[in-house]
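Trainee: Let me give you the structure first, and then I'll get to my questions.
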Amino acid sequence: MRIVKKRRKVSIIGAGNVGATTAQKIVENGLADVVLLDIRDGVAQGKSLDILEAGPLMGFDTRIVGTGHYEEIADSSVVVVTAGFSRKPGMSRDDLLHKNGEIIRDVAHNIRKFAPDSIIIPVTNPMDLMAYVLWRVTGFPRERVIGMGGALDSSRFAYFLSEETRTSVSNIHSLVMGGHGDQMVPLLDFSTIAGVPVRKIIPSDRLEAIVTRTRNGGAEIVHLMKDSSAYFAPAAAIYSMIESILHDRHRIIPSSVLLEGEYGIRGAFVGVPVRLGNQGLEEIIQLPLSAEESSQLAHSAAVIAEGISALNRLFNNFSE
Ligand SMILES: NC(=O)c1ccc[n+]([C@@H]2O[C@H](COP(=O)([O-])OP(=O)(O)OC[C@H]3O[C@@H](n4cnc5c(N)ncnc54)[C@H](O)[C@@H]3O)[C@@H](O)[C@H]2O)c1
Ligand SMILES: O=C(O)C[C@H](O)C(=O)O
């Protein structure tokens, strides 16, 4: 007997650099059908057609629809939110709070209305705070709002470690926790090369330089590109999360989720290692952090909590 399984649907809000690159990866790898939505007339439609016209060359049969209408996102398994402004050289991610906050509140209302059963992956910056807006407005359970930040930061950290040691990236496991901002916490005790802790292999001054470069990884690209932030590695990070969810792989991927007492933090979205499967967030992995790492994480969470206070001042009422 043939098992016929309908392809899953992923919607991406924002057809800019991150959104369109993510769409292309999903469709080319046959992971899901995609709806690409943008406020700019014709952009999502044009990019979708362009991606489809590569089908005969790349050999994929997955579909992508470009649209400006939220009705199209109905029945999505996953909705990725990349709509909004990116920072320019000299700006911090938090400088985008007001402009992107308004956009994301509107996007959240539409997700609640048209894709109420979806799992949301917030990407727009400042990501941990935009995740909070999406969670507050949609009223989704925390299992279904999972922000992308730690996957990207950990990948950057791993790449820099591989470059330093001239070792294949496949031998490197790295972990970055905390907010997706200047206070992120790269964890040396949980980062290894072929199972050996990095502190045993790389001298401390070099490790310190790598940690600093990881913290500034986003800014380094913004400085180089001037009018855009990163999008190839971000799209790969989003893809890895969606793949673990749709294929129910239970991969442990650092992501920004609402903490309810884990790591001593409550009421904020903060990056922690989580297990991702069909239902979204399956488990928050609690690691035995050192006193110094715990205090760095607490500091990062305190900065996010300040951002939440600013959001509460901005939106008296999240549901307007
Ligand atoms: N979390 C992360 O790790 C991470 C990584 C990279 C980028 N980002 C963030 O993702 C966001 C997008 O980055 P980008 O490089 O794709 O930017 P971009 O400018 O290329 O694309 C943004 C798109 O959003 C669209 N848009 C704006 N308002 C909209 C609305 N109301 N509804 C639908 N679409 C709307 C724009 O028309 C544009 O096409 C930025 O905020 C950036 O800082 C986050
Ligand atoms: O740095 C940015 O503004 C974009 C993104 O958050 C990144 O880390 O590349």
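Here the Cβ of each residue, glycine as well, is placed from N, Cα and C on the backbone.
No curator has checked TrEMBL annotations; they are predicted automatically.
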Trainee: Of the residues Asn100, Asn110, Asn125, Asn171, only one is listed by TrEMBL in the substrate site with Arg87, Arg93, Arg156. Which is it?
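Mentor: That substrate site, as TrEMBL gives it, pairs Arg87, Arg93, Arg156 with Asn125.
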Trainee: The NAD(+) site in TrEMBL lists Gly14, Ala15, Gly16, Asn17, Val18, Gly19, Asn100, Val123, Thr124, Asn125. Which one of Asp38, Asp41, Asp75 belongs there according to the record?
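Mentor: The one candidate that TrEMBL places in that NAD(+) site: Asp38.
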Trainee: For Gly16 (NAD(+) binding site), just count the other CB atoms lying within 10 A of its CB, please.
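Mentor: Result for Gly16 (NAD(+) binding site): 20 neighbouring Cβ atoms inside 10 Å.
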Trainee: Just to be sure I understand the contacts, which binding-site residues have a Cβ under 6 angstroms from any atom of ligand 1? Candidates are Gly14, Asp38, Val123, Asn125, Arg156.
Mentor: Gly14, Asp38, Val123, Asn125
Trainee: Count, for each of the recorded positions Arg87, Arg156, His180, the other C-beta atoms lying within 10 angstroms of its own C-beta, and report the residue with the smallest count.
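Mentor: So among Arg87, Arg156, His180, the recorded positions given, the one with the fewest Cβ atoms within 10 Å is Arg87.
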Trainee: Please list the DSSP helix, strand and coil residue counts for the domain 'Lactate/malate dehydrogenase N-terminal' (9-147).
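Mentor: Each residue of the domain 'Lactate/malate dehydrogenase N-terminal' (9-147) counted once, the result is 67 helix, 24 strand, 48 coil.
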